[in-house]
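Per Swiss-Prot, active site is recorded for 47, 192, 195, and the stated evidence type is similarity to another entry. Annotation comment: Swiss-Prot describes 2 as phosphoserine. Taken from Swiss-Prot, the feature N-acetylserine applies to 2.
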C-alpha cells in the first residue's frame with residue numbers, strides 16, 4: 001500500500017477547525033526548542049506522550065536523559081509524519097526516538113494505521129540514521145470491550161511483526177495488564193478510559209525506561225546484545 005493510497009501514511013497537518021492555530025503553534029515551538037537542545041531521547045506522538053511530561057515520573061526517569069517531548073493531543077500517524085517532515089528532526093541528533101501514536105486514527109483500518117507507523121519509522125531512519133526507534137504499542141481503551149480496543153490489538157500484532165528483526169527499530173508492548181479479568185479498565189489507571197492517570201503512567205514509563213537504558217548501553221558497548229521483548 002503506497003502513501004497515496006493510505007491516508008494514515010500521507011503527511012497531513014491538522015485542520016484548524018477551532019480557528020486558534022494552537023496545533024501549528026505547538027509545532028513551531030517544538031522546532032524552535034530543538035535548535036538549542038542536545039537530547040539523547042525524543043518522544044513524539046499524541047496526548048499520551050504530551051501528558052506524560054506533566055507527571056513526576058517524567059522528571060524522575062526521562063529528564064536525566066535530556067528528553068524532549070513533542071506530543072500533541074489528538075494527533076494521528078499522518079500528523080506526526082507531517083511534523084517530522086517539517087522541521088522537528090532538523091536540528092537535533094538524538095540517540096533514540098520514541099514513537100507513540102495511532103489510537104487517534106479514527107476511520108483508518110488496522111492495516112492503514114500500521115502503514116502509518118511504518119512510514120514514521122522509515123522517515124526517522126532516513127532523517128536520523130544514528131538513532132534507534134522505539135515504537136510503543138497502542139493501549140487498550142474504553143471501560144468495556146469495544147471495536148477500538150480490538151483494532152488497537154490488531155495494530156500491535158501487525159507492528160510487532162513488521163519490526164521483527166529490524167536493526168534500528170524496536171516494538172515495546174507497554175501494557176502492564178490494564179484490562180481486568182472481567183474485561184473492564186479501571187478509572188484509577190485511565191481516568192477517562194483512554195488517558196493514563198499518574199498511577200497508570202508508572203508501569204508504562206518504567207518498562208520504557210528500562211528498554212531505553214539497555215539500548216543506550218548497547219550503543220555505548222556496555223551491554224549484552226538486546227533481546228526483543230517476548231509477545
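Glycine too: its Cβ is placed from the backbone N, Cα and C atoms.
Other Cβ atoms within 10 Å of the Cβ of residue 47 (active site) number 19 in total over all chains.
In sequence order, 47, 48, 51 constitute the residues six or more apart from residue 195 (active site) in its chain with CB-CB distances below 8 Å. Taken residue by residue with DSSP, residue 192 (active site) is part of neither helix nor strand, so it is coil.
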